[in-house]
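Swiss-Prot lists Cys3-Cys27, Cys6-Cys13, Cys20-Cys48, Cys54-Cys75, Cys76-Cys81, Cys101-Cys126, Cys119-Cys146, Cys152-Cys172 with the feature disulfide bond.
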Amino acid sequence: LECEICTAPGLECNSWTKTCDANQDTCVTFQTEVIKAPVSFTFISKSCGTSDTCALNYVQTSPHNKLTHKSQRTCCTGEECKTLPPPVLEHKVNQPDGLQCPGCFGLSTKDCTEHLVSCRGPENQCLSITGKEFGFIFRALSYKGCATESLCSLFEKRFWNVLEDVEVDFKCTPALPKSSQ
């Protein structure tokens, strides 16, 4: 299987073609929006992937009350990829859903200072990630925040194994109502 590979701001990217690894059986296109109210940043990404994650086409997470990351994706193979329109994200602001989680984000560290985050829209899980050895990008990562069940399922399927030598520990627990914390 060959797939286009690229990442760029906006809705289109200039890609090159890559032969996927043996365990990768689909091409994936992500449309991602990072919202730091009132500003939002959109980018597109194309890569090889595994078809067992295709049903998890919408994921969302918030590590901070003013920061939300959401991503819509489509999967395709062969000629279908040439005609399939890119995934479309709804540009709506999800309102708080009455749940909350600890939230924080730290690069180059496995610890970060937590604060409570109000979950939004479909986010009903608390996600905690620690990772190390992200190649040349950074040595460590610590992340906590609200997340959709679909994002937790993606982590359960170890979707990051397309990255070389990445060690990631993650845990998802149900988000709690605001009054109970």
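Any Cβ shown, glycine's included, is placed from N, Cα and C.
Closest in space to Cys119 (disulfide bond), of the disulfide-bonded residues given as Cys3, Cys20, Cys76, is Cys76, taking the CA atom of each residue.
Annotation: Cys3, Cys27, Cys75 are the disulfide-bonded residues among Cys3, Cys6, Cys13, Cys27, Cys54, Cys75 whose CA atoms are within 10 angstroms of the CA of Cys81 (disulfide bond). Listed disulfide-bonded residues near Cys27 (disulfide bond): Cys20, Cys76 (candidates Cys20, Cys76, Cys101, Cys126, Cys152, Cys172; Cα-Cα distance within 10 Å). Cβ neighbour density within 10 Å is lowest for Cys13 among the disulfide-bonded residues Cys13, Cys27, Cys48, Cys152, Cys172. In this structure, the CA atom of Cys3 (disulfide bond) is 25 Å away from the CA atom of Cys152 (disulfide bond).
Classification of Cys20 (disulfide bond) by DSSP places it in coil, neither helical nor stranded. Geometry remark: Cys172 (disulfide bond) versus Cys126 (disulfide bond), CA distance 5 Å.
Put simply, Cys146 (disulfide bond) is 10 Å from Cys152 (disulfide bond) when counted between their Cα atoms. It is 22 Å from the Cα atom of Cys54 (disulfide bond) to that of Cys146 (disulfide bond). Candidates Cys75, Cys126, Cys146 (disulfide-bonded residues) were compared with Cys48 (disulfide bond); those inside 10 Å Cα-Cα are Cys75.
Cα proximity to Cys126 (disulfide bond) (within 10 Å) is found for the following disulfide-bonded residues from Cys6, Cys20, Cys75, Cys76, Cys146: Cys146.
Per-site Cβ counts within 10 Å over the disulfide-bonded residues Cys75, Cys81, Cys119, Cys126 peak at Cys119.
Note on Cys146 (disulfide bond): other Cβ atoms within 10 Å of its Cβ, all shown chains, come to 31.
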